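Engineer: Handing you a structure now.
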Amino acid sequence: MLISNEWLKEYVTIDDSVSNLAERITRTGIEVDDLIDYTKDIKNLVVGFVKSKEKHPDADKLNVCQVDIGEDEPVQIVCGAPNVDAGQYVIVAKVGGRLPGGIKIKRAKLRGERSEGMICSLQEIGISSNYIPKSFESGIYVFSEAQVPGTDALQALYLDDQVMEFDLTPNRADALSMIGTAYEVAALYNTKMTKPETTSNELDLSANDELTVTIENEDKVPYYSARVVHDVTIEPSPIWMQARLIKAGIRPINNVVDISNYVLLEYGQPLHMFDQDAIGSQQIVVRQANEGEKMTTLDDTERELLTSDIVITNGQTPIALAGVMGGDFSEVKEQTSNIVIEGAIFDPVSIRHTSRRLNLRSESSSRFEKGIATEFVDEAVDRACYLLQTYANGKVLKDRVSSGELGAFITPIDITADKINRTIGFDLSQNDIVTIFNQLGFDTEINDDVITVLVPSRRKDITIKEDLIEEVARIYGYDDIPSTLPVFDKVTSGQLTDRQYKTRMVKEVLEGAGLDQAITYSLVSKEDATAFSMQQRQTIDLLMPMSEAHASLRQSLLPHLIEAASYNVARKNKDVKLFEIGNVFFANGEGELPDQVEYLSGILTGDYVVNQWQDKKETVDFYLAKGVVDRVSEKLNLEFSYRRADIDGLHPGRTAEILLENKVVGFIGELHPILAADNDLKRTYVFELNFDALMAVSVGYINYQPIPRFPGMSRDIALEVDQNIPAADLLSTIHAHGGNILKDTLVFDVYQGEHLEKGKKSIAIRLNYLDTEETLTDERVSKVQAEIEAALIEQGAVIR
């Protein structure tokens with residue numbers, strides 16, 4: 001946003017230099033990126049009056065002009081501009097003058113004719129060709145109003161000015177207008193802000209007699225209003241208005257279009273001017289575009305519309321693409337006499353999608369995208385009516401034709417002086433705080449200690465108490481707040497939360513087991529999004545992914561861990577042991593946020609123990625991976641059980657579900673050989689646990705158990721069972737009948753082969769007995785052992 005100091009003075013008067021103002025604004029959080037001085041590098045530039053023009057005797061394209069520059073005698077200047085003529089007021093660079101680019105003006109002879117100065121174009125005095133009125137693009141600038149020869153040309157052009165260029169953050173859309181900036185400056189200097197004139201002399205004729213407005217979807221268009229102005233005269237706008245537009249980076253067109261742009265910059269409220277007679281009906285209908293509907297915009301481009309686009313129509317045909325660009329046949333032309341002025345509120349998301357899809361970014365669309373101030377919609381239209389009456393001889397019809405609701409102009413937020421002072425660490429009185437809010441243009445209501453701040457709609461960045469605290473600190477001055485130690489109501493010693501403590505314990509266990517922690521992307525390809533998922537739900541896909549490999553939110557940590565293992569193995573690091581604690585995401589119903597669940601996953605491949613002179617090589621296998629998982633359960637004081645399972649992507653015979661309190665909380669298994677081969681991996685084992693589920697059950701500590709005072713007893717038992725019976729089922733039966741003296745069990749041998757029937761296997765299990773209160777006797781242990789054996793026989797086992 002470009003802010004002219006000359007224009008700013010119309011609303012707020014301060015006694016300070018522009019450089020100081022820019023510094024103060026920057027210190028409050030609005031960065032002034034540049035300070036543009038239009039007088040820089042310019043010297044001896046005056047207004048001249050061309051008294052006569054004659055053709056150069058030796059050059060067809062040159063003219064010899066006698067120019068009055070306010071001195072005793074006119075000066076002779078040779079000029080090659082095609083539009084120079086007698087009777088014009090022009091810009092003259094005198095001899096000894098200087099122009100941008102280091103150009104110095106000297107006396108010269110051009111084809112034998114003396115030339116004492118230079119008649120200038122706007123481009124030659126530093127104005128970008130992008131902003132020069134088209135009538136002066138290829139020639140000198142000619143004043144449209146009489147001037148006094150010899151006066152300062154920059155003053156006559158309203159260019160003796162300095163312009164601040166703001167680098168605004170998206171939340172400060174209020175500073176995208178002169179009035180919004182004026183409120184900010186008035187607050188900084190504790191002075192009043194004067195708003196511009198908006199009252200017109202209206203005709204007795206009502207706009208309601210000539211126009212109706214209908215909104216079909218108020219969710220997309222909450223409010224639409226229009227006013228009508230008759231008998232406008234299309235001509236160039238005043239010099240001062242053209243200059244302000246040029247300094248703001250907008251090319252002047254004519255008085256009607258310029259007034260629309262001027263009010264846009266003044267209020268931050270985009271307007272659109274329609275040629276009333278070209279609309280083709282007395283109704284305006286605002287609706288969603290029809291599928292396949294087309295319209296030609298002001299840039300003479302035919303646009304194919306989507307149903308998500310908002311269009312302004314005459315009841316049948318689109319006459320404007322809402323908030324983005326007008327239509328060609330209803331635009332204001334030189335012959336236009338009657339004007340319809342549009343002021344509206346459009347859905348920011350719809351405008352952003354339309355403007356980006358069609359690559360039609362404009363001053364208007366950028367403001368609609370950020371949200372506009374409801375308080376200024378009607379006021380901006382009234383301002384345009386006043387300017388059309390004043391500078392286009394327009395006749396303003398009374399009444400406003402509107403549909404929809406403007407919505408609230410203010411948002412009340414309650415706060416106390418104590419809350420503000422505790423946050424910024426400085427004592428300000430309630431009166432001082434209220435004064436700052438009033439400086440910002442915020443009305444306040446006081447009820448004992450509570451200050452109710454009525455935040456105007458132009459400040460959409462202020463929604464909570466902390467935003468108000470920031471405003472107080474900004475306006476008071478960050479540099480003026482003394483440095484103090486923070487004050488706390490209650491001081492507590494720092495410590496880890498219960499979850500942080502448990503998470504740290506798990507990480508220590510895994511790192512102690514030789515695993516390295518990995519952190520991988522939350523985004524995966526759409527194909528991998530549901531791989532290894534424990535809850536097969538619809539994928540959550542990005543609307544505009546940067547790549548196909550990162551198009552969806554993951555439902556498992558394993559796809560990227562497998563990728564990481566493959567990456568390491570390909571680079572000769574063949575012994576890979578990784579774990580990750582991270583979030584996975586599961587979709588819910590339409591309009592609901594997805595579930596975010598924390599998982600713990602691991603992958604192991606290669607050798608667990610490297611072959612050294614004192615150690616034998618130990619390759620990763622299922623039981624090693626299971627041992628890692630069991631160490632996690634022990635650390636969290638949990639008891640896992642395992643159940644054979646078939647899971648896509650894992651070996652069909654070497655995979656198990658992990659259960660906690662009879663609920664599946666994870667799985668463990670060998671990577672399917674085909675998947676392993678696809679990733680250039682040898683035998684690889686993975687596990688995945690619902691970490692949130694573990695945290696919900698884990699007490700996080702282990703009860704102290706004293707060292708046994710009495711000796712224990714061990715008994716071994718060998719069982720012949722069907723080969724399909726898992727050892728876990730046998731152990732479950734043993735523990736169910738072992739009473740309180742059976743402490744633990746250990747499978748120490750499994751045999752299949754010679755001396756056993758086909759389809760059978762032999763399992764040897766050691767049972768450890770202990771009573772913490774007394775010495776066990778053989779009779780007591782034998783009785784329990786007999787009960788266990790009877791239960792096993794009933795299960796189909798044969799005691800060997």
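Even glycines carry a Cβ here, placed using N, Cα and C.
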Engineer: Record says Asp467, Glu470, Glu471 bind Mg(2+). Source is Swiss-Prot. Which of Asp461, Asp479 does it list for that same site?
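Structural biologist: Looking at Asp461, Asp479, the one Swiss-Prot places in the Mg(2+) site next to Asp467, Glu470, Glu471 is Asp461.
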Engineer: Give me the non-local Cβ neighbours of Asp467 (Mg(2+) binding site): same chain, 6+ apart in sequence, Cβ-Cβ under 8 Å, ordered along the sequence.
Structural biologist: Ile413, Asp461
Engineer: Which ones in the same chain are close to Glu471 (Mg(2+) binding site), with CB under 8 Å and 6+ residues apart in sequence?
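Structural biologist: Residues satisfying the criterion: Ile436, Phe437, Leu440, Ile462.
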Engineer: What is the set of residues, excluding Asp461, Asp467, Glu470, Glu471, whose C-beta falls within 8 angstroms of the centroid of the C-beta atoms at the Mg(2+) site?
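Structural biologist: Near the Mg(2+) site, beyond Asp461, Asp467, Glu470, Glu471, sit Arg459, Ile462, Glu466, Leu468, Ile469, Arg474.
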Engineer: For the domain 'B5' (408-483), DSSP counts of helix, strand and coil?
Structural biologist: 33 helix, 19 strand, 24 coil
